[in-house]
Amino acid sequence: MMKVLVVVALLVTLISYSSSEGIDDLEADELLSLMANEQTRKECIPKHHECTSNKHGCCRGNFFKYKCQCTTVVTQDGEQTERCFCGTLPHHKAAELVVGFGKKIFG
C-alpha cells in the first residue's frame, strides 16, 4: 500500500510540474503578444496625419479609434487623387463632447 501512495505522489508531482511549465509557456506567449501590441500602438498613425497608404493604421483617441477619412482632391492639371487623414467621426466627436460635459457636471 505504501508503494502505491509513493507512486501516486510521484505522478501528482510530475503532472503538476509539467502543467506549471505549460503555464509558464502560456505566460511567455501572452507577454510576446502584449509586446507586439505595444509595438503596433507605437507605429499607428496619429490624428490629422495622412493615412492614404494605410487606411486601417490610425491610433486610438480618448474613447474611440480614429478613422481614416478620405477626400478627392483635384489638381491644377485636372487629375483627381484621393487624400486621406486620420480623424474623429462626427458622431464620435458628439459622444466625446457629451461625456466631457457629463464629467464636468457630475465630477
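Numbers run from 1 along the shown chain.
Glycine is no exception: its Cβ is also placed from the backbone N, Cα and C atoms.
Quantities reported herein were computed from a predicted structural model and do not represent experimental measurements.
In Swiss-Prot, CYS51 is paired through a disulphide bond with CYS68, chosen from CYS68, CYS70.
When you check Swiss-Prot, the disulphide partner of CYS44 from the set CYS59, CYS70 turns out to be CYS59.
Using a 10 Å Cα-Cα cut-off from CYS59 (disulfide bond), the disulfide-bonded residues that qualify among CYS70, CYS84, CYS86 are CYS86.
Highest local Cβ density among the disulfide-bonded residues CYS44, CYS58, CYS59, CYS68, CYS84 belongs to CYS58, counted as other Cβ atoms within 10 Å over all protein chains shown. Counting in whole angstrom, CYS68 (disulfide bond) lies 4 from CYS86 (disulfide bond) by their C-alpha atoms.
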